[in-house]
Each structure stands twice: as structure tokens, then as C-alpha cells.
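**Student:** What follows is a structure written as C-alpha cells; I'll ask about it next.
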Amino acid sequence: MEILNAIKTFKPEVETEVNVWFKAAHVTAFPENGGACVKYKDMQVAVFNFTRRNEWFACQNLCPHKMQMVLSRGMVGSVEGEPKVACPFHKKTFSLKTGECLNAEECSIAVFPVKIEDGYVHIGFTK
Amino acid sequence: MKRIVIVGNGMVGYKLCEKLRSRSAEVEIIVYGEEPRPAYDRVHLSSYFSGSTADDLLMAPASWYVENNITLHTGELVIDIDREKKTIKTHMGRHDHYDHLVLATGSSAFVPTIDGVERDGVFVYRTIEDLNDIIAYSKKVKRGAVMGGGLLGLEAAKALIDLGLETHVVEFAPRLMPRQIDDAASEVLAHKLSQLGITIHLGKNTKSIDGNGKLEGLSFADGSKLDIEMLVISAGIRPRDELAKATLLNVHPRGGILVDQHLRTNDENIFAIGESAVFNNMVYGLVAPGYEMADIVARQITGDNAKTFNGFDMSTKLKLIGVDVGSFGDPFCDNTPSIPIVFKNKHKGVYKRINISEDGKLLLGGILIGDASQYNILHQMVANKMPLPENPETLIIGNGSAKGGDEGAGVKGLPDTAQICSCENITKGELVHQITECGITSVDGLKKSTKACTGCGGCTPLVNDLLKITLESMGHKVKKVLCEHFDFSRQELYDLIKVKGIKSYDALLDMHGKGDGCEICKPAVASLMASIWNDLILEQDTIQDSNDRFLANIQRGGTYSVVPRIAGGEITPQKLSAIGRIAEKYNLYTKITGGQRIDMFGARMDQLPDIWEELVAEGFESGHAYGKSLRTIKSCVGSTWCRYGVQDSVSFAVLIEERYKGLRAPHKLKGAVSGCIRECAEAQSKDFGIIATDKGWNLYVCGNGGARPQHAKLLVTDVDSETCIKYIDRFLMYYIRTADPLTRTATWLNKLDGGLEYLYDVVVNDSLGIGEMLEKEMEGLIATYHCEWKKVVEDPALRAKFRHFVNSDDADENIEYVDMRGQKCPVDWNKK
């Protein structure tokens, strides 16, 4: 469980600090307006193809509420323009931009920058 | 800059930090808390046993104190005050200087001096550490008792129930909650609690706590004994005044720091608030008066001396182990001439008492057990000395159907000064101002701008009513809309989708919505489209709730459970063996469900298609246990085997289940068929239930088990099978068309104007002339039925959606199991 706890207190990563662009999968592997899970080293990362906004997002797959690896199976949406994902377990929602929990006092989740090159999804990590 | 030192970081100490900081950035705030963690919500402590974590209970995380420039020392006990030098000293030897000192030291559990009180297995119920000790010990024992039948004691009893113990409550007084309710109310409450499995022992004076090393039982003064293995003492509180005593501040002979109207002690630089303070010979052991004290002290320190503390209304409403309990104003009127009006229904567990002044003009107080829905308004009538209606008994007996209207009218009648939220002391006037002048239009908005409803939450219904009435008075049409993305009710969207032939969520959002959708409107629209078009739901998998998206029920640990359909609960030995074989092969935990079928738990997402491939090959179909859709038709064995049965209930149940299988609705649907009046299939607790008679079937509708059980209501009697099915078709389609999202049939009927009579008119008399249309729509849905799992199993593209990782064939390795009675179970997520 140590890895999970480490993720729980992950700092959101910003693009300027990216040292590794991880080539995850082809864009077609991700459902439209939905998410899928990517494995990077020991980590699970939720990647969302938010077709409606023409944007891609990535965040930790772990929901900090009950420490469950499920956010990639959550529904995406928006609240007052802010893109978000809702955990399938108890519908805690998190901003896909900042990682902040939007409807409870849960701690924030880590978010990662995403870029698309040559039809492939790349996720940015500091290490 | 003024330096404020607060001793104690409980709920009230925390509230003082909040109030002080919001009034001034120009004071230094230093807090010493004895407990290892920042202030947490002691009021909802028992939720720790039912899933909340210590973090969930925090009033604010440690980072909040940092952000607000408040220095918090946890795990540090203040042991001395030097009033001359204005310094304090902690047990770690730290010295600190103050300009103002606030003692918010709270209270400790009172432990009576009884022989054996020091034994292993005796606990108090006060802090998270206490709870951890209780949880750890409870694993070794089976029988527990709580000493003390007051408010906190009953909360503790709930905790023991949650821990799975046989639970007893021992109370010295002849009744439960002696400070809040009378003998008759106690009797009703005790009856209700005993139904929930708690054994109540009243008038019991505990003489000794017995045992040899560890606790084995209690002996009472009347000679009786009670065998138990653990005891939680909740016999009252004692203010923590030892620090005050040591520095010669005035304390009450029975404990507690004496304060005046300004909450000052006899040292003008030292205040005391919360449960450690005594004002007018009284300790205020609730959170609302504590918050009020915090507010007054924050004002004093920042130079506003106008507001004073003048005692506090100790009215209270809470849900004890699922039973409403309310006590307001003067509940007993022992010393005030008054006329009580009492309504009692022991069978239903309801007791209501109101005390009317002798001249019949004013409400003085009262007690509510079992149904406290009128609490807010009655409490306000007392607090605001509002005139009573001509027949005051209508306040508690009332007219069921007009209840909503009454409540609303009640809020309207309140003066602007009426306190709506007692935790945060917010008046009706302030809330109305927020709505009319600041443009707030939602309860969430009011929560943010005023903090109303954020404490105990008890005022939420009143705030809701107030919002609705105020908006209506401003000429706003208050409309039930789905969410911020659609300005339509579910029923309106049903019509739009159907009339315009809209087949996808995105198209609907483009044409009639705004924004990007959310977890509320997506599944609601998915359900509508399934009820109207019945296309394969995986064609729009990302608008489905997780269970529908993966056609299985997500469970703790992130695995899924698999439920094949077993219509009517009838299954061949071959199929039973097949389930056994498949469950064994994939190492699944199996359990019989409440709906007479078999649930296989612990399947990883990536295993689901393989498991279903085998199930489909054995002739199984999806059970739709994951959907807001028809679940099961439960049956008893009926006239084929049973010597009492009068009709073939199993055959009819199978027929009905096959007919409606896969039908999606605003919420899940359950049915049952009983073969005779003995009702072994429990049909009267279902959305639709059928009971055999000599002449045919009786059809009941809109029953519900769950959190608020409700018996189904008899719609028609002695109809033949064909008529019965016709009425069910119409009933279900009418429900599907008109109900709000996630509303079960019982709630839908409760809200339906005209109630059962109206429903009877629509379904049986066809008063709207839509009977045939509803039947046709149902025929259409039945004709387009498909087994979703069969489609997935046969389609490689759909199967690919069940991989855990898109870039690896690995399985999720974070799923952990423990062994339980020879099967696997997920690790408890509270222990992660």
C-alpha cells in the first residue's frame, strides 16, 4: 500500500517540469468522452479523451476517498465549465485541470499533462 | 498585534479559530490541542463505525490552519497558567505568552466509581482513540453493553451494533434519554430499538463490573446479572476544569469554569467556552451553544462587546439508530402550567407530544419520536412565540397528503428573526436576503454564502422550503431540472427524445442542453434512451454509470460481481452445477441474493467477458443486476408443490420475469408472485407484487424494502393473468414516462398528485386514454429485448473495452483479498 499512499500526496505535475513524455497508446484505444487506464512503471494513470471539449486529460487512477484504483472508469463532465471526473464508487468529483476535489473535502489528486503526437497519446511525468 | 492563545482544539475551539480569523487578520492565534490530530466532528463520531475515516471527520485539515496563519500544536497539553505574567506552560515545557487566553478544554467522559471499572474490556466513548480501542477489542467478543441510555449512550449502542455485537443498554433512570423525553416516549423508543436488536435494561443500578481478569458481566443492585464481554461507559460528561482549578479560577462545585454573559472567567483576560464552561449553573453539552459562545468571544476579542450569552435553547433533533428523536422548548413542562396533547402509535413506533400554554395561545415545547418531520416548524413556533392554529392537534396529527404544503406555509409564517440554522445561528432574514439581494438560487449556494446546513444538516429541509417559497415569491418558476446542463425535467426530456427521435446523448446535449454533461444527466439520459429505443447500451458506454458500462456490479476493491438471470428463482441442477464450476474456475465468492439468484463476486474487469462466455454457453442470460432495470421476480413454490398454494406462482413469476427482463426504468424494479395469502414471496414489499387468490390474482403496486420500507398498495383484486399483465404493462410504462431520475415506484406514488386513486384511474379506468399506447410501447420494448452479455461475448471490439490497461495485458495487481469462511473477500477499505 505504500505506493498508493505516495500517490495520495502526489503534487500535481506541470508541463514545465516534465522530463519524460511517456508514449502510452494510440488515440483510438481511448473511448470518446471517456477514460481508460494506462500503466506507467508501477503507477496506474487514468487518461480521458474528452472529445466534446477536444481536450485530453490525465490523472492518478486512485480515488483518494476509499483508495480505489477506479478513476479511469469514471464519467467525465463539467461543472460551470470546469472539466471533471466522477469516481464510480461514491461520485466524488475531481477537477481534471487542477486535481482539486469539487464536491467534498477529499484531498486533491495528481494530474498530468497530455499531448498527442502522430496519433499517439503521450503523458508527461517528472521522472 | 494581540496574541490569542486557545487551549483545546475540539469543535468549539476550532469554531473560535474560524470566527476570529474571519473577523480579523490582525490577531495572532495559537492553539494547543491535547489530542494527536486536529479538531474533528465529535457529533458524528458513530459514523466512524459505518465507513467514515478519521480524515473524513476532521473539521479542517492541518493545512487549513497554516493557510489561515494559525499556529496549531497538537498532542501538547497545557498544564499551567501564570496569570500574573500572562503565560502558559505545556507538558513539553514550552512557555507561551498571551494577551487573551481562551479555555476550550471540553469535557471528559464521566466514569462512575463502580467496583471493577478498571477491568479489561471497559471503555469510554469520547475520542477517536477510544473508538479505535473499542473496535480492536470488539473483534474478540460477541456481547457488549453500553452503560447510559442518554443521547451519547444510544449513539454508542449503534456503534456496537455496527461492530456486529449483541448489544445491551443499561440505564440507571427508569427511562431512556431522561433529559429529553418522557416515560411514554421512552417506551415507544425502547420498543423501536428492541426491534433493531438492542436489549434495553432500565432502572438498573450497576453494583459491580465482574470478571476474572477480563470483563465477564455486570451485577445490579436488584440482584440481577447481565453476561457481557465488553462495556462502553457513557454516563455523562465532566467539564475539564483542572487547569482552571489549578490557577484559582472560579469553578462550579459540580465541575465547570464559571463565566459571565461575556464568557469571561473571574480573570478578565481569560475566557472559557464550550463544555468546559458553566453559565447560570448550566453546562451546555451541545455543539450549537458552543458555537454561539465561540462567536461571542471572537467578537469580544475584536472589540465588539454588544453581543452577550444569555443561555441557549437546548432543543435537539437527531436520528438515533435510524429512529427520529426530537425534543424542543420545554419538553416536560413539569413546573409550568400547560396542557399536553399526545399522539401515540406504539405499533408504528411513533410518539408525539406538544405542550400548549394554559390559555391555548402558545406552544411551549414537545417531544417527537419515530417521525420528527414537523420538528423544525414546531421548534420555530416555540422560539418565535408564534400564535397557535385554532386546532393545535393538527400540528402533530395533521393531514398526511397536505404535509408538504403545511411545511411550506409554516416557513412563510416565520418572522425574519427566526433562527433557521442553529449551528451557525443564521436567521430567516439573512437567508432571504441572500436569495433576493445576492442572487443565490440553490441550497448549495446558500451553504457556501452563509454556511447554513453545514453543521448538523438538520435545517436543510427548512432551507429548501424557504428557498423555494422565496424564489416563487420573486416570480421565478421553480422548476425541477435535471442538472446545470439541461433546463428540463426528466419527463420533458422523455418527450423531447421520443418526439424528435434523438438517439444519442451528444445530439441531445447539442440540441437541448449546454456544457459538457455530468454524472447526473448522462446516466439519466442513458436510462431514458434505453427505455425509449432499447438499443445496446454499450453503443454509448461512456454515458453509462460504471455498472452499466461494464455490465456488472462494481464492488469494494474495484472488482465486479456477476449475476446471471434465474427467472422466478427456478433453476435446474445442471445450471446450478455450471455456476458452481465457473465460480470455482475463476475463484469467485458466491452468495445467494435477496432476489433468489446467485451472485458471484470478485471478478476482475478483464475476466468478465471470459466468465460470461462460459455462462452464455451454459444457457444463461444477463441478470441485469447492474442496471436501473428489472431485477427479479421472486416467487414461492405455489400450487405445483405446496399444499396451501391456490395458483401456480412459479410459472407466473417466470412468465413475468421473461416478459420484463432487461426493461430499463428510472430506478431498479423488483417484483414477486405469491401462491397464496401466506405471502411467502413477500410480494407486498415489491414495486409490483402479485398474490394468488381462489379466483385469480391480486395486484399490488409501489411497495419498497430498503431504507424506508413501504407496503405495496392493492390496485386490483381477483383478475386473470392476462388482465394482470395488461395493468402491469400500463403501470410500468406510466412510471417510466413520468418519474424523476432515481425515484423508486414508492416515492413516485407518494409524490403523485392524487395518489393511488389517480394511478388507478390512469391504469384501470384509462382516464387519460393512453392505456393502449402504454401497452404498445411496452410491446415494443419486449420485442427488442437482447442479452447484452451475449452481444459482448460475440464482439471482439466490445470485449476489448474490458481490459484493465490499454497499454498492457497485466491485470490490476492492487486488488487484495482475505479469506473468510473458506471464500475470498476484499480487504476492508477502511483498513487500507
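Yeah, the Cβs are placed from backbone N, Cα and C, and that goes for glycine too.
So TrEMBL has the following annotated:
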type	residues	note
DOMAIN	B:3-277	domain 'FAD/NAD(P)-binding'
DOMAIN	B:315-385	domain 'NADH-rubredoxin oxidoreductase C-terminal'
DOMAIN	B:420-468	domain 'BFD-like [2Fe-2S]-binding'
DOMAIN	B:555-616	domain 'Nitrite/Sulfite reductase ferredoxin-like'
DOMAIN	B:627-752	domain 'Nitrite/sulphite reductase 4Fe-4S'
BINDING	B:Cys636, B:Cys642, B:Cys676, B:Cys680	[4Fe-4S] cluster binding site
BINDING	B:Cys680	siroheme binding site
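Walk me through where these features lie, including what they touch and how far apart they are.
**Tutor:** Averaged over the domain 'NADH-rubredoxin oxidoreductase C-terminal' (B:315-385), the predicted model reaches a pLDDT of 87.
Taking Cβ-Cβ distances under 8 Å and a sequence gap of 6 or more within the same chain, the neighbours of B:Cys680 ([4Fe-4S] cluster binding site) are B:Cys636, B:Ser674. Under DSSP, B:Cys680 ([4Fe-4S] cluster binding site) is assigned to coil, being neither helix nor strand in the three-state scheme.
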**Student:** Counting Cβ atoms within 10 Å across all protein chains shown, which of the binding-site residues B:Cys636, B:Cys642, B:Cys676 comes out on top?
**Tutor:** B:Cys636
**Student:** Helix, strand or coil: which one is B:Cys636 ([4Fe-4S] cluster binding site) in, per DSSP?
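**Tutor:** Once the DSSP labels are grouped into three classes, B:Cys636 ([4Fe-4S] cluster binding site) ends up as coil.
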**Student:** Beyond the listed site residues B:Cys636, B:Cys642, B:Cys676, B:Cys680, identify every same-chain residue whose Cβ lies within 8 Å of the center of their Cβ atoms for the [4Fe-4S] cluster site.
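**Tutor:** These residues sit around the [4Fe-4S] cluster site: B:Val637, B:Gly638, B:Tyr644, B:Gly645, B:Ser649, B:Ser674, B:Gly675, B:Arg678, B:Glu679, B:Ala681.
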**Student:** Looking at B:3-277, B:315-385, B:555-616, which one has the highest count of Cβ pairs under 8 angstroms to the domain 'BFD-like [2Fe-2S]-binding' (B:420-468)?
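**Tutor:** Result: B:315-385.
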**Student:** Sort the residues of the domain 'Nitrite/sulphite reductase 4Fe-4S' (B:627-752) into helix, strand and coil with DSSP and give the three counts.
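**Tutor:** Helix/strand/coil tally for the domain 'Nitrite/sulphite reductase 4Fe-4S' (B:627-752): 43 helix, 33 strand, 50 coil.
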**Student:** Please list the DSSP helix, strand and coil residue counts for the domain 'Nitrite/Sulfite reductase ferredoxin-like' (B:555-616).
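**Tutor:** For the domain 'Nitrite/Sulfite reductase ferredoxin-like' (B:555-616), the helix, strand and coil counts are 31 helix, 14 strand, 17 coil.
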**Student:** With DSSP, how much of the domain 'BFD-like [2Fe-2S]-binding' (B:420-468) is helix, how much strand and how much coil, in residues?
**Tutor:** 26 helix, 4 strand, 19 coil
**Student:** For the domain 'NADH-rubredoxin oxidoreductase C-terminal' (B:315-385), give the DSSP counts of helix residues, strand residues and coil residues.
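**Tutor:** In the domain 'NADH-rubredoxin oxidoreductase C-terminal' (B:315-385), the DSSP-based counts are 9 helix, 35 strand, 27 coil.
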